[in-house]
Each structure stands twice: as structure tokens, then as C-alpha cells.
Amino acid sequence: MSLHRYNSVFVLIFINSYAFGVFDAVNVTAPVSATTPQQAPSYVSPGSSAVVSPVVFKPAVEPAFSVALRSSFPEDLEVSEYCAELLRLFGQRYVAFVDCLVPAARPVKVCQNCFPEYHSLSEVFLNISSDQMGPGNVSCRDSILRSDRLMLVFLLNSNMDTIWQRSNCIQCVKDLSGPNNDTLYYLTLLNQTITCFEKYKQGNLTELCKNCKDAYKRLNDLYSRMEGNKTLCIDLEDAMNVTRKLWSKNFGCSIPREETIPVIAVSCFMLFLPIIFYLSSFLHSEQKKRKLIHPNRAKSYASLMNIQDKRS
Amino acid sequence: MANITKKVSWSSRGDESGPAGEETPLLNGSEQSRPLTQMSSGSTKFQIGRLSTVDLEEEITTEEQESARGRPKEIPHNEKLLSLKYEIVKFTEAGGLSISLILWVVLNCVFVMLGAIMVAFFEPIAAGSGIPQIKCYLNGVKIPRVVRLKTLLVKVLGVICSVVGGLAEGPMIHSGAVVAAGVSQGRSTSLKRDFKIFEYFRRDTEKRDFVSAGAAAGVSAAFGAPVGVLFSLEEGASFWNQMLTWRIFFASMISTFTLNFILSIYHNKPGDLSNPGLINFGRFESEYNLYEIPLFMGMGALGMLGALFNVLNYWLTIFRIYVHRPCLQVMEAMLVAAVTATVAFIMIYFSTDCQPLGPDHNEEYPLQQLFCADGEYNSMATAFFNTPERSVRSLLHNPRTYNALTLGLFTLTYFFLACWTYGLSVSAGVFIPSLLIGAAWGRLCGILLASTTPNGLTWADPGKYALIGAAAQLGIVRMTLSLTVIMVEATGNVTYGLPIMLVLMTAKIVGDYFQEQGLYDIHIKLQSVPFLHWEAPATSHWLTAREVMSSPVTCLNRIEKVGTIVDILSNTSTNHNGFPVVAQVSADDEPAKLCGLILRSQLIVLLKHKFVELARSRLSQRKLQLKDFRDAYPRFPPIQSIHVSQDERECMMDLTEFMNPTPYTVPQQETSLPRVFKLFRALGLRHLVVVDDANRVVGLVTRKDLARYHLGKHGLEELQLAQT
């Protein structure tokens, strides 16, 4: 169902750069958002993004510039130990999730592969954002999420949430227990179809069309039914797209243009009817007599004559 | 539209080999669910149909402002019926394409036949868009049966039938006007019920005010354009004042609100008032630049396509005089439906423009896929099967690239089909089709413009050009003022006011060059309606009242013999409506002194109540009251139905008390035609007595005398008006 399957390369590139960009952001700005600005916000050029290490929260990173915010703020404004720990956890899981997402971008296997990572990530975020007091009577919600204009942690999380929502993964994998029954059944059918394709691919393609039709049709029907129930996620949509493309484009199994002659004959007949109708009504029916109203004018003036006279 | 069921499977090859018939496996495989869907759509349809009739009944009792409420039901109703039709077409897919072509044609024909039979045999006035008729009514012409309940019913049902039958979308202004007229009278003669309210509105002037309010409310409900009040202003400005404008404006607002509210209930979101208008173009956000204005005006000049439309339709309408019998008219409508379906089918069949299905693509139609690969759809099929309104919206807003060839072919066929359709005896308007045609060629212009440079102009958003094209094409009706407002309001973007206005002006100027009248005016003229335009023809100032008037005049005495009155009224060859009352008619047709004016309707009421005064014996019965005249309005009985005995014929009748003692008069020599014209326009006159210097009646001017004069190619011309 995905619209942009021919754009897949671009999508991949986009996601790549996006993901690495995120790495940068995490590496550089996480400490700032955590209100422990022990290092200056150093700018990492895009070129270095390929070698970014997954380490996220290290209070003792060497500053890039000689002048930096060295002195720490008074005690009560600092992030507590507990929150710092939560933030570190968030960073780790975030990296793990993105690590999982990028390879699953093409062909799309986001939901099947990455749901545990997503769940652990959202678990941490839930901890951060809950307003329940942790140990030491501190709530990390205010100190981590709401202390500055950027609200980086919130932003990062909402990005990931958007990805998850747009991929509709919730339809296929509800919770940690894995894909639901519909999805599994669908995958089974898909595998059958693909196996069938593999089997007959070498030989005559008409053979393939004939032999794999049942499997393909079952898959197609199931897909449409799930489409109606709205139980599809991006993985299934993408798989169906590829299969349909194989079926219609590569193997050429959609219906051919047949029976052109009868269609043209019927159309010509239809198009001739009005000509006959108009001709016959022109020839046979009489034109309705238009009763003209003749004006009674005062005797001395015949007005049309008059018009001619006056104009000259 | 959610109920339109799932897509067609021409693609999976097994259909031929599998068990044919109703077991045809669909792409979505919903054999089990299909009957269910069908049933639900059927039952909803029934329910909505019932609702809307109930609504109409209520309408008459509820207060006047909510006039356009009968309409909102309609389009949903249509969509349900359409989906039902597609269901039926789908059943035959196993049989082959030619079979389903025939079936489609037959179905369209049947629906159109129903609509055409209703119109042709029961209420011919309900044909067409109704706007010309309402225009005439507001102009002051009395058009029989135009605001009857029966007309409304035929119209609404006819619109449903014709839209389901694949013809164009329908008229809301007429319906609004009928509802308003019905409400204002506080009774329905067709239903034989009198609610004894609003008796004071039972006069032509009052009723006309209500009709203009109803028309405005219809416009505002249709387009979500409460300032559609300007439509009434444009069409009925001669009888206009500030208070009335304000009331009508209020009525339009309420009508939009009511529509909104009912639509919100229909969409299961009661209270969410964000559905303005039945025809919703969606919000229009894109911007335009100064350098685009000449481009827009160039497109406005392309509005000569509209002039072409008008010319073609004019010749077609003249030719249709040959097709005047009702059964022939029904046949013609059916043929148009058949050809429309066939042409659409051929276009779909030979189109190779396949587009990938998007996630937002949830409406589905038969033939949607046809020869396209799985997961793609035939964009020509979508163009033809969508409701016109939806197509317009997609042309204005859809970022998807349309194939230029598809769009061009679609525009071309739709242009001729719409031209052919308008003027049939079905209730189908011209507004939405021309909007669609214009949007299509406008979008085409945008696409071509973008393709002139290799990487595409970034500012050439085709949606913008579609809007401009739609405005230019609507120039066919030449209603610049209300169209500007309607377009601006329907797109929800005031900044487009200037381009739209410029485009409409350009289109009007270019159009006037080729064909000096708008489509509605052409039809008014062809129907011989004595329609008075804004101004008298330009070179008519040297014509005097004496040359224009009809003479001699049939006059009545102040005390007239009943026999004479009955004879005059029964004379079918003259069929006059107003009679000057004079002191004493002399024998040798010498003009006599004017005392007043009495109307045919008044005479009929007098005769009906036997208000005769036996010459000397003074045997007067009960006093006749104004109420008696009101009660007879608007359907005065014909003179033939009043029985007058031989004795009564000899009686005398004193007209002094009933005539209008101060009719408008003009002196015969000194009054020019433009002055007479102004009096008629400004006062809404029907009769103007021409007198000489001794106040003696020499002639009578009616609308028909004025409407004959017309500025043609060779100066002032006199037209022959036909009796209708």
C-alpha cells in the first residue's frame, strides 16, 4: 500500500542521514538538556557522523573549546542522580532502537524486528515523564523534560513515536508477546506465495501464473479483508506491494486486454442511437408551431418601418 | 462514501475458470460481507429518503429562515444509491466487459428515465437548473408553477435520479426558493392544508421577497457561502432595500448553520460545525505572485471556451424544438445517459494511465483497476466515477500528478457531454459540470506551465490554476458579482478575491465578444419570457410611449354589465390581465377618461362571490373583504369554472370600490422608452397606462411590449415573442 516504493532508495538515504543526525544530536546536546552543562555545546560536522560512538551520557567529556561552562550550578538546580541514571538508560535504549530501525528500512521489517526495542524505549520515557516521585522525592519530569526551550528528550521521543504511529505497527504487534495471529497467518500465506514464485520462476511464466494463482489469491483476499478491518501495518503493506508488483509486472499475470471487438461493437451501436434518434425526429415530427404575439400598435405608426426611418 | 464497497477484481485471472456467477471472487474476497454491506446501504438509503420527506413537511410549518433545509440530505442519498448501482454492475464481471458495459448503460438509462418521466410528464418546469426560472421570477415575471411543492418534489427526486444515472449534479437555488415560497404562504394548496398563518404574505410582492431570500439561502447552503445573498442582489436588485437585505443575509447565515448542523449529525459528529456547504472545495492555502496575474487573465481569456459552450447549447436548444413531445424528451434523456456511459467506458477501456493506490484512496468504483496492475488504479475511471464535486476537490487540492493526456481527454469529452446534457428535460444543472470542466483544463494549463521548464516551476501549483480555470469556465453564466463571492467563500481564501474577479471579468468580456448573453439569458430568451434587463437598450431613447404601447385598449366601465366582463375574460385570443377602468366607453372607440385599473384576478374573485349589484334594487350581499382576495391567491380559478347564469349576465357590477384608483400613467408623446423601462424595473410594474393630455386612455404598456426591443447586430431590433 505504500505509495513511494519506487522511492525506496531515497527513503533509505533519508533515514540514514536522519538517524545519524539523531546520533549527533544525542551525543552533543543531551548533557545540555539535562541541565548539567559541564561541556560547551560542541558542533560536530556532518562528515564525522559516520564514526559517532554510541556512548551518550558522559559527564566528563572533554570540551571542544578551551572556554566552557566549568563551574557547576548550585545543588538544587542540578539533575539528581536518579534522573541522570534514567537519562542514561533512555540514551542507550534510544540508540538500540535506531540501530534496529535502520537495517529494517528496506524491505520494511520495522514492526517485526524492532518492537521489543520500541517497548523498552517507551518504558523509560514513561518513567521519565511520570509525575510520581522517585527515590529521594524527586520527579524527573520537570528537570529533564521541561527545563529548557529545546526539550530535547521529549523531542527525540516524539520523533520515535511518530515513526511508530505512521508505520501502524500497533496493528500487528500489540505488546511484547510478538506479532498477533492475523499477522502470523498472513506471513505464512506470504511465505507460501513466495515459495511458489521461487519454484516456478525459472520455467514458463504462464505456468507460474496458473500454479501460484491460488496462493496469490488467498493472500490478496486476506490482505483486502485486513485492509477493511484496519489491521495492517507497514510491514504487511510493503510485502503485499512487492508481491503484487512481482505478480503483475515481473510475471505479467494480470488480465490482458481481451475482447476488444465486442466492446467496440456495443459502443458503436450506442453511439449511433442518438444520430438515428435525432434524424428521425427531425424528419418525422413536426416542429411545434410557435404562436407569435403580434403587437397591436397605434395605427399611424408601424414601428419597424419607423425604426428604419428614424435611424437614417 | 465509506459504504461504497470494495474494489473490483478484473485482475486475478481465476474469474473465468472459477465458478462463474455470484460466487465471483473479489479482490478483497468479501463474499460473506458483501450482502451485508448491500443490505445496510439499502436500508440507510430508505431511512434517509424517508427523513428528507418528513423534513419537507416540517419545513412548511417551521419558521421562514430555515428555508434551505430540505437539501442537505440529497448528496448523501445519492451516494448511497450510487454505491448500490456499482454493486449491481459488479455482479456481472464474470460475464465479460461488453456485458457489463450494456448493463451499465441500461442501469443509467433506467434511472434517467425515471427522472425524465417525472419531469416531462408531471412538471416540465422542474427541468434544468431552475436558475433561469428563479431569475425571471425575481425579475417580476409571473411564472406559473415555479414555486409549487410538486415542483420541489419532482426536482429533488429528479436530481437524485439524474445524478445516479450519471448525469450532472443539481440545483439548490430553485429548491431553496420553493421552500421559502411555500413557508411564506403558510399553507400548501397541493396538500390542501391551510395553517392559517402568514396570511399577510399572500401577495406577489411579499412572496417575491421570500423567494429571493430562499434563493440566497439555497446558494449559501450549496456553497457554504452566506454572502451568497449577493446572488439575490444581482438577480433581483430592483425590489431591494436595506432591511430586506439584512433579513436575507440572516436567512443565509441560518441556512448555512442548519446545513452544518445536519451534516455534523450525518457525519456522526454532532455539534462539529466544520462542514460548510454541500459543495465544499476545501481550504485553499497556496499563494500567488504578482507576475501570475497576467497568466490568470490569459486563462480568463480562455473562457471563450465558455462562449463556445453557449453557442453549441444555443443551437442544440433550437434544434430541440423538434423534440417537444414528452415521450421523445424522455427518450432523448435516456440516449444521453447511454452515450455518456458508453463514452466513459471507452475512455476507461483504452486508457493506460495507471496510478498507484494511496493510503487515502478509500473510495472505490467498478472498473477501477481494469487492466492496471494490482495495487494500482485506472485514473480515468476515477475521473468518471467520482461525484463531480469530489473530482473538483481533487483537481483543486490533490498534489498527485495527473497525467496530462488523461486530463485533456476527460475535459474534452466532459465538455461536449455537459453541453449536450443541459437543456434536457431532467433536473440537472450546469454549475457543477462547468466547474469541473474549468478545473480540469485549468489544471491542465498548470501542468503544461510547469513542464515548460525542465525542473518544473516551483510556483506553478496546478491546484491554483485549476481554481482559476473553474472561475473562467463559470463565465458562461455571466454572473460576475455573485460568482466572485461564491468562489472566494467556497475556497475559504479571501486573497484570491482579486485574481478570481479579474478572471471573471476577462472571461465575461471575451465571452461577450463572441456571444452577448450568458447561458441562462439564452434560455430565458428562447423561452420567450418577457425578461427586463437592467437598462433599456442603448439606442432606444427616441422611441416614445406612443410607439411602444399596445392600442386600442380593452377598457371597462365603472359600472359594467357582468355579461361584458365575462365575455372579455373568456376571450382566449387576447387573454389580457389588467383592464383600465374608464368613466364611459363610447361606441366608436374614442378614448375615454381613466378612473383606475382592475386586474383579472380581482374580477374573478368578484364574479366568484357573485358580488353583483343589481342596477337599481341595491341587492348587495355580505361585504367582500380583503381576505377573500388573499384566500384565492395564488391559484385564481379560470373564468371557465365560474358559472354565470343568464340572469346574472344582465346584472351590473360596480368596480369603483375594487379597482386601483391611482394606477401609474405616462403621457403618450413625451415619455421615452428608457423612462418607461425604468418605471417597470424600479416599481416592478406589470401594466402602465398611456394617456393623452386629457387623461384619456390611449394605450397600455406591458412587459411584453418592452421586452421585444433588443439591441442586435444591426442596431435596435424588434423580436417576435412567442406565446408559451
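Even glycines carry a Cβ here, placed using N, Cα and C.
The compositional bias 'Polar residues' annotation in TrEMBL covers B:1-12, B:27-46. Annotated domain 'CBS' per TrEMBL: B:659-718, in sequence order. Annotation source TrEMBL lists region 'Disordered' at B:1-46. The transmembrane segment annotation in TrEMBL covers B:101-122, B:210-232, B:244-266, B:293-316, B:328-350, B:402-423, B:430-453, B:465-488.
Here the transmembrane segment (B:293-316) sits against the transmembrane segment (B:430-453); at least 3 CB pairs are under 8 Å, leaving out pairs fewer than 6 apart in sequence.
Here the transmembrane segment (B:402-423) has Cβ contacts under 8 Å with residues 128-129, 167-168, 305, 309, 312-313, 316-317, 320, 336, 339-340, 343-344, 347, 351, 353, 379-380, 383-384, 395, 429-430, 433-434, 436-437, 440-441, 443-444, 447-448, 451, 462, 519, 523 of the same chain, all six or more residues outside its ends.
Within the same chain, residues 129, 131, 168-171, 279, 295, 299, 302, 305-306, 309, 388-389, 391-392, 395-396, 401-402, 404, 407-408, 410-411, 414-415, 418, 421-422, 460-474, 476-477, 519 sit at least 6 positions outside the transmembrane segment (B:430-453) and bring their C-beta atoms closer than 8 Å to a C-beta of that stretch. According to DSSP, the domain 'CBS' (B:659-718) comprises 16 helix, 25 strand, 19 coil.
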